[in-house]
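Annotation comment: TrEMBL describes 52-72, 93-111, 117-137, 217-235, 247-266, 317-346 as transmembrane segment.
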Amino acid sequence: MAPTQGPRAPLEFGGPLGAAALLLLLPATMFHLLLAARSGPPASLPGLEALWSPRALLLWLAWLGLQAALYYCRRARRAAPGLTLRCGSGFQALVLTALLVGLGMSAGLPLGALPEMLLPLAFVATLTAFIFSLFLYMKAQVAPVSALAPGGNSGNPIYDFFLGRELNPRICFFDFKYFCELRPGLIGWVCWLLYVGDALWHEEAILTTMDITHDGFGFMLAFGDIAWVPFTYSLQAQFLLHHPQPLELPMASVICLINAIGYYIFRGANSQKNTFRKNPSDPRVAGLETISTATGRKLLVSGWWGMVRHPNYLGDLIMALAWSLPCGVSHLLPYFYLLYFTALLVHREARDERQCLQKYGLAWQEYCRRVPYRIMPYIY
Ligand SMILES: NC(=O)C1=CN([C@@H]2O[C@H](COP(=O)(O)OP(=O)(O)OC[C@H]3O[C@@H](n4cnc5c(N)ncnc54)[C@H](OP(=O)(O)O)[C@@H]3O)[C@@H](O)[C@H]2O)C=CC1
Ligand SMILES: CC(C)CCC[C@@H](C)[C@H]1CC=C2C3=C(CC[C@@]21C)[C@@]1(C)CC[C@H](O)C[C@@H]1CC3
């Protein structure tokens with residue numbers, strides 16, 4: 001039995017009170033947005049008959065089963081130093097899923113009914129997230145202390161349930177966090193194909209994110225991955241389904257250009273850092289200026305990472321704007337993603353800065369002095 005307290009870190013997300021509020025607020029916000037996208041702000045709470053559907057449950061379980069099977073099969077892959085993941089690649093899973101869905105449709109699978117099932121699907125996804133997080137919480141009771149995350153082991157059950165106690169919970173070689181972060185939710189959010197395809201093509205980059213290396217796996221990520229991402233990140237597409245908007249070619253071209261600029265910055269910055277972290281002598285990054293740190297790792301201070309301290313966030317936000325613009329400017333709802341994402345990235349950037357200051361100390365301070373802006377040059 002693991003002790004209730006593992007490695008300690010300062011409380012985040014407003015501590016136990018904040019975690020309790022988010023446990024209720026996140027699902028409530030998701031259902032509010034789903035209802036508002038189809039017929040405006042809901043006047044009352046939906047009844048159980050609108051939320052519960054055995055067909056939606058079956059469809060959801062089939063989806064999870066398919067993604068788990070695609071993840072489970074195939075070869076052992078050396079994914080990062082010291083970490084071996086046995087799974088089919090995420091991009092292969094995306095392509096196979098598309099083929100299977102296409103085959104299903106030509107065999108008469110009524111996929112046109114899917115938009116009508118969004119509410120009950122979101123409901124079973126939320127139930128799954130709660131039950132799964134409970135399982136993860138219990139599993140952490142018997143995990144060794146070395147397997148616990150620094151963040152989610154305060155001893156307060158609500159806070160720890162929300163943040164997650166175990167860092168990378170696995171059964172045999174099935175890694176729950178890695179699976180959830182990239183497969184059922186992300187592939188379910190395929191309306192932004194370029195972004196989802198890009199994440200799955202570069203899936204190994206996920207292994208160095210704070211979600212995998214620092215945060216435990218609890219309700220926040222379980223709900224975020226399997227419910228929040230597919231059902232709220234697709235809000236613009238849901239909005240357009242119920243409120244079609246005219247889009248002339250010149251405006252469509254401007255939007256495509258904004259998206260292309262965002263993607264260029266996002267991919268350029270992420271690839272530059274990933275290449276540098278894998279092999280600093282790679283000719284594509286060898287000429288960039290760096291700062292040495294006491295850990296032996298270096299920090300880039302020129303190229304994308306010399307422009308602002310989070311150029312990848314800037315590109316991501318520009319793309320988020322491009323995804324909302326096709327919905328016009330008559331409603332605020334399609335801009336929810338842009339607003340939420342700005343708040344998420346500002347908060348995430350602050351968390352990352354704290355962790356980097358801890359890791360790199362004086363070298364990080366020097367980096368902040370040389371590159372004073374965080375996300376947006378001359379503004380923030
Ligand atoms: N759509 C969504 O909901 C979300 C999307 N994202 C996207 O995912 C991607 C990954 O984001 P995220 O994991 O937050 O963070 P980053 O990819 O920005 O990684 C931050 C880490 O990079 C390293 N680093 C920072 N500065 C430098 C530098 N100058 N030189 C070299 N290494 C540096 C540090 O780690 P170390 O030194 O240990 O390598 C730091 O901890 C981003 O593109 C982001 O926009 C993220 C969250 C949500
Ligand atoms: C519900 C809460 C408010 C917060 C939940 C956060 C999660 C939805 C996100 C945390 C980090 C994420 C990342 C991605 C998707 C969203 C979550 C899971 C990506 C996989 C998106 C594609 C990028 O290329 C990589 C991202 C890594 C982090």
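Just so you know, glycine gets a Cβ as well, placed from its N, Cα and C.
Keep in mind the model is a prediction, meaning the values are calculated, not measured.
Beyond the transmembrane segment (217-235), the same-chain residues lying 6 or more positions past its ends with a Cβ under 8 Å from any Cβ of the stretch are 13, 22-23, 26-27, 29-30, 33-34, 37, 118, 121-122, 125-126, 128-130, 132-133, 136-137, 149, 152, 160-169, 176-177, 180-181, 184-186, 188-189, 191-192, 211, 333-334, 336-337, 340. Against the transmembrane segment (93-111), the recorded stretches 52-72, 117-137, 247-266, 317-346 differ in Cβ pairs under 8 Å, and the greatest number is found for 52-72. Contact between the transmembrane segment (247-266) and the transmembrane segment (117-137) is not supported, since fewer than 3 Cβ pairs fall under 8 Å when only residues 6 or more apart in sequence are counted. If you look at the transmembrane segment (317-346), the same-chain residues 6 or more away from its ends with a CB under 8 A from one of its CBs are 33, 36-37, 192, 195, 232-233, 235-236, 239-240, 243, 245, 247, 251-252, 255-256, 258-259, 261-263, 265-266, 310, 375, 380. Sequence-distant contacts of the transmembrane segment (117-137), counting only residues of its own chain at least 6 positions beyond either end whose CB sits under 8 Å from a CB of the stretch, comprise 27, 30-31, 34-35, 46, 50-53, 55-57, 59-60, 64, 157, 160-161, 164-166, 169, 176, 217-219, 222-223, 226-227, 230-231, 238.
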